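Okay, so here's the structure we're looking at.
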Amino acid sequence: MTAPIETTGAEAEAQPEAVLVGVKKSQIEGRSLGQIAWMRFKRDKAAMAGGIVVALLILMAILSRPIQWLFDLDPNKLNQNLVDPTLRAPYGGWGGMSWDHPLGVDPGFGRDLLARIIEGSWVSLVVAVGATLLSVTIGVIMGVVAGYYGGWVDSLVSRMMDTFLAFPLLLFAISLSASVQDGFWGITGLPLRIGVLIFVIGFFNWPYMGRIVRAQTLSLREREFVEASRSLGARGPFIIFRELLPNLVAPILVYSTLLIPTNILFEAALSFLGVGIAPPQASWGGMLTEAADQYEVDLQFMFVPGLAIFITVLAFNLLGDGLRDALDPRSK
Amino acid sequence: MPLLSVDDLTVTFRGGHGRPPTRAVDGVSFQVDAGRVTGLVGESGCGKSVTALALMGLLPGKGVDRGGSAVLDVGAGSEFVASGPVDLLGLGPGALRDLRGSRIAMIFQDPLSSLNPVVPIGVQVTEILERHRGLRGAPARKEAADLLDRVGIPDPTRRLKEYPHQLSGGMRQRALIAMAVACAPRLLIADEPTTALDVTIQAQILELLKELVDQEGTALLMITHDLGVVAGLCEQVNVLYAGRVVESAGRRELFAHPTHPYAHGLLGSIPRLDAPRGDPLHPIRGSINDRIAWQDGCAFAPRCDFYDEECLEGPPALTEPRRPDHRVRCVHPVLDTTAEEVTA
Amino acid sequence: MSLLELRDVKVHFPVRAGIVTNRTVGHVYAVDGVSLSVEAGRTYGLVGESGCGKTTLGRAVLRLVDVTAGEVVLDGTDLATLPAEEMRRFRRRLQMVFQDPLGSLNPRQNIESILAEGMTAHGIGTSNEDRHRRILAILDKVGLPANALSRYPHEFSGGQRQRIGIARALVLEPDVLICDEPVSALDVSIQAQVVNLLEELQDSMGLTYVVIAHDLAVVRHISDVVGVMYLGSLVEEAPSDVLYAAPRHPYTRALMSAVPIPDPDVEDSRERILLTGDLPSPANPPAGCRFHTRCPWKRETRCATERPEMRELADGHRVACHFAEEIAQESPGEITDGNRENLAKSPRA
């Protein structure tokens, strides 16, 4: 080929840039998808706020015991002198708010609410995050296997998911929590309650994650780069770990973030029903239960744990929405 | 005077969120005459589709800046629009709604996504007849069947009851054309109407469009990237690059003497079915991303074979280096083509 | 000698119904008996409209879809019946370039990782340095700068991405490269870059190509031999010059006449054979000649009842039509009264 203006190969790409460099002041720098996502996320103020609140909550949960020790807060210390024995309501207005007890005390026993909220935060988060991890793990494995291998494997897993979703979860949770006795598997007390909650919430919620991952895998499997990988001679597991999973990270991350608040609410609901965390251990759901009995004498008591749950759920949801927008390559 | 006269049209998408604004259409001027086919040719990102959407008033109101003018002779006026020439860019939403379908209509690239999947074809056609011509009931259905028949859909009364997914791609595009011409618009804009279709179906649709222009006197603005389609259909051709018209001429003149280096390069880079095998292709180097802003010079300069310093001295003007009516936006037009002069 | 040979290849996809039972209620005859051979160092072009089975055929050669019947012989080995692991190793010799240059590159991998993937799978290269050297050499061959390696697919333009796709295939040093619509997703001005690159690489590396595309002009430009497919089978095969100069199958003639040519003089003077109707469903193909429902030269006998076999008209020119010679004699390009009702209503026909 002896064309007069033939330009292929390296030349063809290099030359325009040579002209452009003289004209453009600055070259646009290459960025990875992660950097682009972070740039987008930073611009989303609501998501940033949600992220900061979530980060503070996690910090509070991790440091709950040191904080209690540092500020001399004891969630289980009874202050009967602060409660009117006849009315069973705290002395003073606003639920007994004072410098010593910034959020007031609970009506029955005069326990410090701030201390109980801080103590309850780690319980709520451990249960919610633990359950989320459990359902995400099961869901991702099942979803990827069903989506990638298809055929009878897919049919089996899909029917399994249908079965799980049809399960009367709440009734099961109540009966399971009631029937598991102390000393089960050698675990007792609080760790057992938390373990049971994580199992009940996480194990029965995986099909939601499974369905999302399966659908994503099905569409990814048909994408040309997966086919390209197969045509290059890659084996099944390689394709799953190298081609599919990195592309599933975004939806998994987003859905997990949105699953955590649901699980916080679920934990609260179970504790509210009296089958979750057993008193006197502080938990947000448990505090709501106690408050429900007392709302006529002290509305504040219900307001505090309710607000804590509300802020947490809202923050996680804002963070999840923001992540979804930032990670979605289509929303450019 | 021309039916549609677009003058210095600019469309800028405001960036927002820290992104810089994008000027998709950067001073496009062209004219469309009644009863003729005018072509807007260019590759993806040249602004041809945005131009069409701007003319139809279909660009989002927020975040988009428009400039210039697009004067259409709407003929008889209506409740919202005065008769005679009207600047489409200055019209409010009510007036635009009134004009769309009745005076200007558009055919889109993807016939499946342009039809509502849950509504039968017949209802979608009669809706337009009701909106703009006040027809309803049996006369509307009769008219709809006639329309489908005219665009070559066999067994039209049965087809009226069918849903879009029951029709083949070619039939869907015919149905869309039927909807577009239902109210005998003065201007029909076709945005890549055959790109999603197979080549034998494309031939049928192009034949149908030709027939409509010949018989109805409708002006057709044909937007495409396919120079072959342009050669067979368009009488006047405007070549767009990076949001500006870089060359404008009658089709015989343009194909015989492509004078802008971009048009020249484009014609040299596509394989021809009838060319002897072994003729090498002469690609244009780089890609559309390798461009500079028009105010700094010629946007095509980084990819151009005839580039020199002069190309970067501000925006090149439209000149007529070869003959009147053949306008070229280039300081180094390709004039030494050896082909003999055409007598068109 | 032919390097790649297809013998009566069939790919049928079962159509299933029912959620639990998964009954097979029919088949889509995507590829239904295709035989062809590709010479070493040459280019075989496959053209046809969407739904004709050309893409499925390309995938069947690589066993990306299962072959229902027939043989796919590469250099003496039948790939259609090869066990999975052996087929996996064979894939090194048979590579593919995909249509969508962005979709075929994993957005979460950088270029080096994309190019190294095949070598890892096949244990090519003695060390990481050796692989890196090979990758740099290929990158240079396809005309990309070395600094591309640490970048991600979305940072490149369409033409550059297709170069990456080609590099990924070539790094395994394959014998046969199957290009499925290699340029159709690219802008017109970029297509020629990739076409020229493919031709250069063929010259310098002695590659054998199967080019699958719907764009007749591109296929004819790049191919030595062109096969035309319609509804799952080959209808005509000829050296590419012959195919344009003297197409013999009615479908090929219609296809050729429908391709727009960027030349107003040619466009105004050519005879256009407009087909009526649409492609029949490959799940329910017509009996006899698959094209008889749309053929302007359909005869009363044989066409609707007997499926024509591919037969050789001249050296290297095969056609699947009972009446190819007769039609060529009676109407070298025009349409007779007898077949007019099969043509679309057209003011200029």
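We count from 1, first residue shown onward.
Every residue, even glycine, has its Cβ placed from backbone N, Cα and C.
The structure displayed is predicted, hence computed values, not measured ones.
For A:121-320, the entry in TrEMBL reads domain 'ABC transmembrane type-1'. Per TrEMBL, the feature transmembrane segment maps to A:46-67, A:122-149, A:161-178, A:184-206, A:252-279, A:299-320.
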Seg_contact(the transmembrane segment (A:184-206), the transmembrane segment (A:122-149)) with at least 3 CB pairs under 8 angstroms, min sep 6: yes
Beyond the flanks of the transmembrane segment (A:122-149) by 6 or more, those residues with Cβ under 8 Å of it: 57-58, 60-62, 64, 156-158, 160-161, 194, 197-199, 201-203, 205-218, 220-221, 236, 239-240, 244-245, 248, 252, 255-256, 259-261, 263-264, 266-268, 277, 281-285, 309, 312
Cβ contacts under 8 Å made by the transmembrane segment (A:161-178) with residues that lie 6+ beyond its boundaries: 142, 193, 196-197, 200-201, 204, 206-208, 210-211, 270, 273, 275-276
Intrachain neighbours beyond the transmembrane segment (A:252-279), with Cβ under 8 angstroms and 6 or more residues off its ends: 123-125, 127-129, 131-132, 135-136, 140, 173-174, 177-178, 190, 193-194, 197, 200-202, 205, 208-209, 212-213, 285-286, 288-290, 292, 309, 312-314, 316-317, 319-321, 323-324, 327
